[in-house]
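As recorded in TrEMBL:
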{"type": "COILED", "residues": "A:74-108", "note": "coiled coil"}
{"type": "DOMAIN", "residues": "A:136-404", "note": "domain 'Aminoacyl-transfer RNA synthetases class-II family profile'"}
{"type": "BINDING", "residues": "A:227, A:228, A:229, A:258, A:281, A:378, A:380", "note": "L-serine binding site"}
{"type": "BINDING", "residues": "A:258, A:259, A:260, A:274, A:275, A:276, A:277, A:345, A:346, A:347, A:348", "note": "ATP binding site"}
{"type": "SITE", "residues": "A:380", "note": "site 'Important for serine binding'"}
RNA sequence: GGAGACGUGCCGGAGCGGCCGAACGGACUUCACUGCUAAUGAAGGGUUCUUGUUAAAGGGAACCGGGGGUUCAAAUCCCCCCGUCUCCGCCA
């Protein structure tokens, strides 16, 4: 939800943001009109209600003889109050409907345009060269007895898989490595629910344009989360946080579910795009004034992970039109995937400013003692998908994979993943 | 699965349909007092919207788990939902 005060005082800023995203800007004027309609409807109701209260006092104080007449009068008045209340509520709902179509205000400096208009901020690490024909992650995963797509499909269908042996260990190792890094930086680990109520799913903005990519359990009316961001954002809903000691940081560990509707035929091979995976997600609640600095910190922790894993990557500033509705800015880190000859997204970190918290009613106390919406930020610290880049980047001619040094302690000192006999 | 109890502010805990945004206690903040701490005394507080203003002060409305209803008037009565707890059963 955007800031209604900003909408009222500075509609041009909102329009400019809508334009940068390639969104409809007429909705801004619609929202403005709905806002003033809402306020006048509310004013009418409040005035009537105040008079009704006065009337109630008179009824109470009246003598037996006066009472019937007064009550008759009050009865009529009550109907008017009720009608005004209904109008005010309707006007409020109408404003919410319109305002919710406005996406978060894009931060100054975010490149305009769509998917292809991102700006590369930096490229880090050597692109790996091989003096042999590199195998792709699935071929390697099968050689190592680490990834089993066939049986995944047998049990659960396309885009499902088993991680076994060193594959399973690799994922757990990655998660633990990420968790350690998070804990060194003041994050509280949190294992989150992966089924959430509609209002939480809606509040985090995932039931907007992307509603069809979300699994929904109809009978229970619960949603399977595509990221722990959902539960982490809902964690402090309707609360006033104490941010005096700095940002509140959580590292959420959860399995993520995505229906991948609309991506049929895309990345069908291996575990690059799957319905279920694990992820360690950073989530931060902070004073909006510190949000951009925190955003940079999230990126630097992500880079720390990728560098420790010896991956080659680039950091991109995602263009306005490619941002989620809650994000004011988003940095993606894409790692080089040798057999694809291109960079693929391994992490994504968004600064949602106060957009998410406004809807979820998460506030903090400012220096003056007033409450104000907090800023929320989120970012990936490790996911199953990283296995793709790790296997391919560190592979050897014989199909074995050298374990990056930083990961070895999490694999019981294992230095090389070696091919195994039939599975 | 069966039976019951409960859900009030930061916490505990009262609350008769109008005098209840809500007693009382604790915590908290400020002030006073006391070498310090503690103790004591006094005062003060919630949230949201709205109006107002450069800003404020001030005014108004809403909020007692959520949503409906009855009533001139609802924390209080009725219905539905959600949550918590206790007992019994069942399964680990």
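The backbone N, Cα and C atoms fix where each Cβ goes, and this holds for glycine too.
Taking the features listed in TrEMBL, we show where each one sits on the structure.
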residue: A:227; record: L-serine binding site; DSSP class: coil
residue: A:258; record: L-serine binding site; DSSP class: coil
residue: A:275; record: ATP binding site; DSSP class: coil
residue: A:348; record: ATP binding site; DSSP class: strand
residue: A:378; record: L-serine binding site; DSSP class: strand
L-serine site span - longest C-alpha distance across A:227, A:228, A:229, A:258, A:281, A:378, A:380, in Å: 18
Integer Cα-Cα distance in angstrom, residue A:258 (L-serine binding site) to residue A:277 (ATP binding site): 9
Using Cα positions only, nearest of the binding-site residues to residue A:346 (ATP binding site) (A:228, A:229, A:281, A:378, A:380): A:380
Fewest-neighbour residue among binding-site residues, criterion Cβ within 10 Å, set A:227, A:228, A:348, A:380: A:348
Least buried by Cβ count (within 10 Å) of the binding-site residues A:229, A:260, A:281: A:260
Nonlocal neighbours by CB distance (under 8 Å) for residue A:277 (ATP binding site), same chain, sequence gap 6 or more: A:255, A:256, A:271, A:383, A:384, A:385
Maximal Cα-Cα distance (Å) across residues annotated as binding ATP, namely A:258, A:259, A:260, A:274, A:275, A:276, A:277, A:345, A:346, A:347, A:348: 19
PLDDT averaged over every residue in the coiled coil (A:74-108): 90
Shortest C-alpha distance to residue A:260 (ATP binding site) - which of the binding-site residues A:228, A:281, A:378: A:228
